[in-house]
Amino acid sequence: MSAVVEGLTQLSDPVVLLCILIGALAGMLVGAFPGITATMAVALASAFTLTMEPVQGLAVLLTIYVAANFGDRVPAILVNTPGTPASIATTFDGYPLARQGKAGLALTTSAFGAAFGTFAGLLVLIFAAIPLSRVALNFGPAEIFALVVFGLTMIVSVAGSNLLKGLAAAGFGLALSTVGRDPIVGTERMTFGVLELSDGLPFIAVIIGLFGIADVLDQMLTHHAATAKPIQSFGRWMPNRTERRKMWKPMAIGSGVGAVVGAVPAAGGDIAGLTAWSVSRRSSEHPEEYGKGSLEGLTAGDTASNATLGPSVSTTLALGVPGDSVMAVLMGSLVIWGFNPGPGLFAAQPDLVYTIAGIMVIATVLTFGLSLLRMRGVTKLLELPPHYLWTVVIVFCLVGTYAVNNSTVDVLVMIVFGVVGLFMRRLGFPPGPVVLGLILGSMAEANLRRALEIGGISNVLTSPIAVGFLLVALASVALPPLLRSWKTHRAGRRHTHTVNH
Amino acid sequence: MAYDAVLDGTPADPAPISAQPSEPASASLLWRLAGPLCGIAVGAAVVGLAQTIALPAIEGQFSPRWWPQVSGAAIILFSLAAAVRALPADAPMEELEARQPGGVGRILASLGAVAAYGALWHWLDFRIVTVLLVAGLVAISGGRGWAGLVVFPVVVTTVLWVLFSLLLRVPV
């Protein structure tokens, strides 16, 4: 109990609260600009915070981390461009909702989901950090490969109406993931001698191209001044009682998925959001609405990606293994401040867990409040004439992508994938599975090869965790069509029976 | 024409109702197969490129070519299946917004402006080329007047400069 009191007492310093406010404003700004990731912002802020007191510095960095995960939903909903990779799933339903004149409702619902997810994740940090981290510590190549296979089954949901084209697109994503060095022997693959591609395709540039630039190009192609209908009304802002009731189930799914995915090292909000969107769709009474403006889909994705924050911090602190890329950057600052993330940290400084949880709770409350306040101003973006909106999106994507690595190759990759994304849209290939293949491809290949080279196929089949994931993956692919077929068969028999009668 | 058909999703010049029925039908088949055929071409390119990957001196259980080949084969396999599925005349097609006149021109001009921006950035100051790019993109998209072509570019460039160069210290 004294650790709790000690930890929370650290937050009574007004300077810490000021740091949280600065972090919230900076984080939301960072999240709202496509191309500027939370990782980049935390890395840059680290340079300024190293001279501060550890708790003050942590307040700035952790609040940027939290706030960026609220701000990144805004461009995802308004201009179909994820502010950070964690809001990819937001574009699936958020943008269609905005196009239906429900941008206000989408932004509010997203903020509620994100806040709920963050609090759920923080509960994991406070109560289940050590047990969850122990489970994640047991993940070897076989288990991670099985987890990735489970992740790949999401293609079934993300593919939309044409599963075959979705699967082909996922194959394209897997092929893209092979660009760079071979994960086992280090041989260069498909880099065409370009040094910048040795570490693989720049992920952020690819997703900004496939989603943001491709959408602007598509609008340029199809826009007609006479038929275009500028959005005059943003509709309701607050969800009604029926909608609020519907949000509980996807919020529960999102929280569960985010908690598990967040605890696994190197798996972040992007994977959690996509997984939760997919799981929620499978369990929904209206799966056909997903991808077309479903509030349930929007809530599930946003809850899950934010629910990874707490578990990700837990994994970083308890194991010394970064839960995601932001945590990898944060670990550097922690070490400089004299903290040593790892199993010993909880024993030596248990109060730190509660200080961190306290900072994140305050950051979430503050950012949630700011999210609701600023929305009316932000949605005015939709009223911009297309020539302003297209220009702003293109220019910010250009400079933002350059800023990630200070690389013109990244910008070129973004433009190329913008054009590729346009052709994919016009040819009926969904871009979602490409991203999924790109995210999971290298993890799948590296871990499968390691697992097979260590102990052959039995290495995978004798692991209860791996087998569990594989069975769930198999069930999630096979069960929906089997159930549909069974229902059709049953309905047909009923119909025949009625006619005969 | 083929480029137009691909971008449009429908024939660029839809045949009138009184036209011969065979013409729209053949165009429709071409359009239905366009996606899967592109997929097969991409898959074949991936498999071909995989053959150019250098093999390590000491070969392990799995070659570095293995995963790219599997990926390429998967693209070909699923694209072939999509092609077979698209063959019947009543095969379901995705609904796409129709291409508008001038749309392709707008895209090409915008890409050209971005390419010129990339080239000029090496020679001129970021603020100057960005003002020029923003003004160019606004003009290409149909914006006119001093507010769109002068004030807006200056405001956007100032925001970018303050955010990236001053605050985030990106060497733009």
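Each residue, glycine too, has its Cβ placed from N, Cα and C.
Fair warning: this is a prediction, and the values are worked out from it, not measured in the lab.
The transmembrane segment annotation in TrEMBL covers A:15-36 (among others).
Per TrEMBL, domain 'DUF112' is recorded for A:17-436.
Under the heading transmembrane segment, TrEMBL lists A:43-68 (among others). Note on the transmembrane segment (A:43-68): residues 10-11, 13, 15-17, 19-20, 22-28, 30-31, 37, 83-84, 118, 309, 313, 326, 329-330, 332-333, 336-339, 355-356, 359-360, 363-364, 366-367, 370 of its chain, located 6 or more positions outside it, place their CB under 8 angstroms from a CB of the stretch.
Within the chain, the transmembrane segment (A:111-132) has long-range Cβ neighbours (under 8 A, six or more residues past its boundaries) at 66, 69-70, 73, 239, 247, 250-251, 254-255, 258-259, 262-263, 298-315, 317-318, 346, 353-354, 356-357, 360-361, 364, 368, 371-372, 375. Annotation comment: TrEMBL describes A:111-132 (among others) as transmembrane segment.
The transmembrane segment feature in TrEMBL is assigned to A:144-164 (among others).
Per TrEMBL, transmembrane segment is recorded for A:200-217 (among others).
Per TrEMBL, transmembrane segment is recorded for A:251-277 (among others).
Residues annotated as transmembrane segment in TrEMBL: A:317-340 (among others).
Beyond its flanks by at least six residues, the transmembrane segment (A:352-375) meets 3-4, 6-8, 10-11, 16-17, 20-21, 23-25, 27-28, 55, 58-59, 62-63, 66-67, 70, 104, 107-108, 111, 114-115, 118-119, 122, 125-126, 129, 237, 309-310, 313, 317, 339, 345-346 of its own chain at Cβ-Cβ distances under 8 Å. The transmembrane segment feature in TrEMBL is assigned to A:352-375 (among others).
Summarising the annotation, TrEMBL assigns transmembrane segment to A:387-404 (among others).
The feature transmembrane segment is assigned by TrEMBL to A:465-483 (among others).
A:387-404 is the stretch from A:15-36, A:251-277, A:387-404, A:465-483 with the greatest number of Cβ pairs below 8 Å to the transmembrane segment (A:200-217). Tertiary proximity for the transmembrane segment (A:15-36) is limited to same-chain residues at least six positions away from its ends with a CB under 8 Å from its CB atoms, namely 45, 52-53, 55-57, 59-75, 81-84, 204, 208, 212, 359, 362-363, 366-367, 370-371, 374, 378, 393, 396-397, 399-404. For the domain 'DUF112' (A:17-436), the model's average pLDDT works out to 83.
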